[in-house]
Structure formats: C-alpha cells, structure tokens
Amino acid sequence: METGRPNLFFVGLMGAGKTTVGRTVARRLHYPFFDSDHELEAHCGVRIPVIFEHEGEEGFRDREAAMIRELTGRSGIVLATGGGAVLRPENRELLKSRGTVVYLRASPHDLWLRTRHDRNRPLLQTEDPKGKLEALYGARDPLYREVADFIIETGKPSVAQLANMVLMQLEMAGFRIDTAAASDQPANDTHS
C-alpha cells in the first residue's frame with residue numbers, strides 16, 4: 001500500500017449519496033475521487049447490469065473485491081464504494097484498515113425515492129423495489145456500522161451541508177485536513 005495522505009472511504013446503500021457527497025468532499029480536500037462501480041465498469045468495458053447478467057452477483061462481487069483491493073491500496077484518495085462492498089469480510093477489513101470510513105445512512109423510504117426510476121441498479125429490478133431496499137437495509141446496516149468510523153444521516157441536509165458535516169467530523173477525528181485546501185474552491189477531478 002502507498003503511504004502518505006490518508007484515505008477516505010464512503011459506504012452506504014445505493015442512493016445514499018456516496019458518489020455525490022464523496023466527489024464534493026474530494027474537491028474540497030483536493031484529493032482524487034474514485035467510485036468503485038465506475039472504475040469497475042471502465043476496467044471491464046461494460047455496465048454493471050451486464051456483469052450481473054453474464055456472471056451473476058457472485059461474479060460481480062469477485063470483480064468488486066479486486067477493485068476494492070486495488071483502490072484501497074492507494075494513498076490520499078476519496079472512494080465511494082458500491083452498496084454491497086461490505087458484504088465480503090475481506091472488503092470490510094481493507095476499508096477499515098486502509099482509511100477512514102464514513103457511512104452515509106438514509107432511510108429505506110428516502111433511498112427508494114432517490115432510486116425508483118434508475119434502471120442501472122440490478123438488485124432493484126424486482127416486483128417490489130421498496131421492499132428489496134428495506135431487506136437490503138436490514139441486512140447491510142450492521143455491516144456498514146461495523147466498518148464506519150462515523151455515521152452521517154443524509155435525510156434533510158443538502159450535498160454542501162453533508163460535505164461540511166463530513167469535513168467537520170474528519171477534523172474532529174484527527175484526519176489531516178489542509179484547511180486552505182478544504183475551501184469551496186473546485187479542484188481538478190480527473191476520475192469519474
């Protein structure tokens with residue numbers, strides 16, 4: 001693993017805001033931003049639903065674990081993980097040991113409102129997507145809590161407010177933040 005600047009990893013269910021908030025925090029910190037799902041799609045050359053269709057969820061999780069291993073081995077990044085990244089113990093261990101983990105927590109109802117029209121979420125292509133989100137929340141919430149250094153509730157705050165909450169929690173936890181760099185000035189974001 002590279003050494004140097006600390007890493008910041010976002011976990012939470014699909015639709016919790018990991019990519020949106022993560023990208024905003026990365027810009028404020030002047031860190032490169034990565035989304036493990038986007039990186040996996042770029043690496044494979046196909047969208048995640050295609051991976052699910054051809055390899056099933058287990059095949060996707062194998063590829064996801066390899067991507068998590070690679071990305072968490074870097075230094076000074078902000079990473080938004082896929083919602084199911086915490087399902088594998090090895091992923092949880094890598095996240096916990098290689099960075100600070102933020103759990104963006106949202107209620108199943110809020111998640112459903114945010115994801116109900118999104119056809120790129122294979123696990124929600126079901127008769128009862130809201131029920132599926134409730135089941136996923138019940139199964140995964142304890143795993144997110146297990147790896148999280150802190151939890152941010154995403155219900156009402158705006159993206160900017162959530163980013164500020166994350167930065168304040170990081171600072172209170174001793175995360176090395178260059179306060180001049182953590183201003184609202186945009187940074188170059190070369191990663192999707």
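Glycine too: its Cβ is placed from the backbone N, Cα and C atoms.
Positions annotated as ATP binding site by Swiss-Prot, on the basis of sequence analysis: GLY15, ALA16, GLY17, LYS18, THR19, THR20, ARG121. The Mg(2+) binding site annotation in Swiss-Prot covers THR19, and the record cites sequence analysis as its basis. Look at Swiss-Prot and you will find ASP37, ARG61, GLY83, ARG140 tagged as substrate binding site, backed by sequence analysis.
Classification of LYS18 (ATP binding site) by DSSP places it within a helix. Residues ASP37, ARG61, GLY83, ARG140 are the ones the record ties to substrate, and the longest Cα gap between any two of them is 18 Å. Closest by Cα distance to ALA16 (ATP binding site), from the binding-site residues ASP37, ARG61, GLY83, ARG140, is GLY83. Around GLY17 (ATP binding site), the same-chain residues at least 6 positions away in sequence with a Cβ under 8 Å from its Cβ are LEU104, ALA106, THR154, VAL159, LEU162. Close to ARG140 (substrate binding site) in the fold, though at least 6 residues off in sequence, lie LEU13, GLY83, GLY84, VAL86, LEU87, each with a CB less than 8 Å from its CB. Straight-line distance linking the Cα atoms of THR20 (ATP binding site) and ARG61 (substrate binding site), rounded to a whole number, equals 23 Å. Sparsest Cβ environment among the binding-site residues GLY15, ALA16, LYS18, THR19 (other Cβ atoms counted within 10 Å): THR19. In this structure the alpha carbons, written CA, of ASP37 (substrate binding site) and THR19 (ATP binding site) are 10 Å apart. Take the mean position of the Cβ atoms of ASP37, ARG61, GLY83, ARG140, the recorded substrate site; other residues of that chain with a Cβ within 8 Å of it are MET14, GLU64, THR81, GLY82, GLY84, ALA85, VAL86, LEU87.
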